[in-house]
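The following features are taken from Swiss-Prot:
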BINDING   E171, R217, H449, R490  L-aspartate binding site
REGION    195-198  region 'Aspartate'
BINDING   R217, D218, E219, Q226, E483, G535, L536, D537, R538  ATP binding site
Amino acid sequence: MRTNYCGQLNSAHVGQKVTLCGWVNRRRDLGGLIFIDMRDREGIVQVFFDPEQKEAFSQASELRNEFCIQVTGTVRARPDSQVNKNMATGEIELAAESLSIFNRSEALPLDSNQTNTEERRLTYRYLDLRRPEMSQRLKTRAKITSFVRRFMDGEGFLDVETPMLTKATPEGARDYLVPSRVHKGKFYALPQSPQLFKQLLMMSGFDRYYQIVKCFRDEDLRADRQPEFTQIDVETSFMTAEQVREVMERMIHALWLDILNVDLGAFPVMTFAEAMRRYGSDKPDLRNPMELIDIADLVKNVEFSVFAQAANDEKCRVIALRVPGGASLTRKNIDEYTQFVSIYGAKGLAWMKVNEKAKGIEGVQSPIAKFLTNDVVNSILAATNATDGDLIFFGAGRQGTMSDAMGALRLKVGRDLELTDLNAWKPLWVIDFPMFEEDEDTGSLSAMHHPFTSPKDLTPAELTAHPVGAVANAYDMVINGYEVGGGSVRIHRNEMQQAVFSILGITPDEQREKFGFLLDALKFGTPPHAGLAFGLDRLVMLLTGTDNIRDVIAFPKTTAAACLMTNAPSFANEDALKELAIQVTEKEVSTDNE
């Protein structure tokens, strides 16, 4: 039906007869001629209809925006005065000789001349995807997946599919359950990841596996989360954590070169403890130059009890955050930041403006200065490398709360004051995560990554004796404050796997019920293995410069896990439920999926 794409025509096609298919992007009548901008997935080209081509000209008079058409004509060079350097096809135009209207269009419910609400865009997603910026994002996504497949194939990895209907296993989030018609009362679970299957593939001898795969998690959504998402899933046998990281770093490095022509350089490696200490986050955004400084040793004996109490409690932190040029902040600004950190559990935010550092306590402005000595103030100024015109924020309290609150404040202030270099790329590896997280209230332990992660350099007995403080052989790749991938060395011995399950409070009977197949497989010569998974959607989001993951998925869900276009989820009919032996005891009253 066509010989070329609109956006791929150029001066090399001058004199050629071509046939194009696409949509009317815009129509205008000028000096007895009809001009249209014709659009397809590759771009836009100008088409003009001359009255001498009577039939085509007559049909062209009926054209309106978004009519779907076919045009045949001859490519010709535009006069120099009419060259449009803002268009990829701006040096040429198509002289139309025939026109077919495939389909007419009603007035669009989306207005291309103004910003449409996301709700409206998602309701008419098929129209939203016609927009060049949306089309370009999906094309980039396709380019990324093709690149990943070529890279992984070249490294000797095998693309192996794993099941979509599987067994519910505890992996952190809630499962999406699928009822079985044949086995009434039983349910499949949609996989949160192919984790156990890819480990079983290692046990089967497929020592290099990858898959670009859909995963499902029934969890609260954020701007960078979806209930169904895509992973680049990787697993290897007989490779160390360092070797896995080396291969994956090469892939991401090559991907950025291919898509953006950006050299990411070597990725620095930072421990979890260092990341939390310096940045208050296990996914630090290194584009922001500010760091958290622990000053507990400097304020243990001050009269300000908020500082002194926290400084003398090993479970607490006293943190200083120097803001370059921050002395210009108003009291209203500071109050707003104080309110901001309260979201993360902080009970307050102290501050100090540095007017003349050389004068010590006399050269600073702070509501807490009266509780501090000149020596303490000088020590704080030295520890934070403060200079005249800076402001120092302080937080004191429990370690977790302070890391979260001051880490979030660091990010917000960095953006607000334009201290963060938004044009830079700052990747790194974060390693040596805690094996377990301890609930501050109950003291119970949960796996920080998942229960199949191997500890570093511990026997099952040593891990059981001292689980708190154990370090996992785990690693995350972080780019510009986003965790784009995470992985670990896996447990490959039965005794260690049972020990981890027991520490997590999973009884032997529950272990057999939920993970019997895995425990059995670990008895038969399981090789050492390690892996990693990248969030494809998040990678595409970064590479296309958007901050909303819904912009890089063709048909995404809302933050309420609903599809506004199809009105999913929807009620099932009674016959279908009866066949599945399911009785609905409570229904959602509202059908509003917003």
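Just so it is clear, glycine is given a Cβ too, placed from its N, Cα and C backbone atoms.
What you see is a predicted model, and the numbers here were worked out from it, not measured in a lab.
If you measure from the Cα atom of H449 (L-aspartate binding site) to that of E219 (ATP binding site), you get 16 Å. A straight line from the CA of R490 (L-aspartate binding site) to the CA of E483 (ATP binding site) spans 20 Å. Between the candidate binding-site residues, R490, R538, the densest Cβ environment within 10 Å is the one around R490. Over the region 'Aspartate' (195-198) the predicted model carries a mean pLDDT of 96. Of all residue pairs in the ATP-binding list (R217, D218, E219, Q226, E483, G535, L536, D537, R538), the one with the greatest Cα separation is 20 Å apart.
Annotation for L536 (ATP binding site): same-chain Cβ neighbours under 8 Å, separated by at least 6 residues, are R141, I144, T145, I212, F229, T230, Q231, I232. Candidate binding-site residues: E219, E483. Fewest other C-beta atoms within 10 angstroms, E219.
Between the C-alpha atoms of R217 (L-aspartate binding site) and E483 (ATP binding site), the distance comes to 17 Å. Secondary structure at R538 (ATP binding site), as computed by DSSP, is helix. The number of other CB atoms found within 10 A of the CB of R217 (L-aspartate binding site), across every protein chain shown, is 21. Sorting each residue of the region 'Aspartate' (195-198) by its DSSP state yields 4 helix, 0 strand, 0 coil. Secondary structure at R217 (L-aspartate binding site), taken from DSSP and collapsed to helix, strand or coil, is coil.
Neighbour density for H449 (L-aspartate binding site): within 10 A of its CB lie 21 other CB atoms from the protein chains shown.
Taken residue by residue with DSSP, E483 (ATP binding site) is part of a strand. H449 (L-aspartate binding site) falls within neither a helix nor a strand when secondary structure is assigned with DSSP, and so counts as coil.
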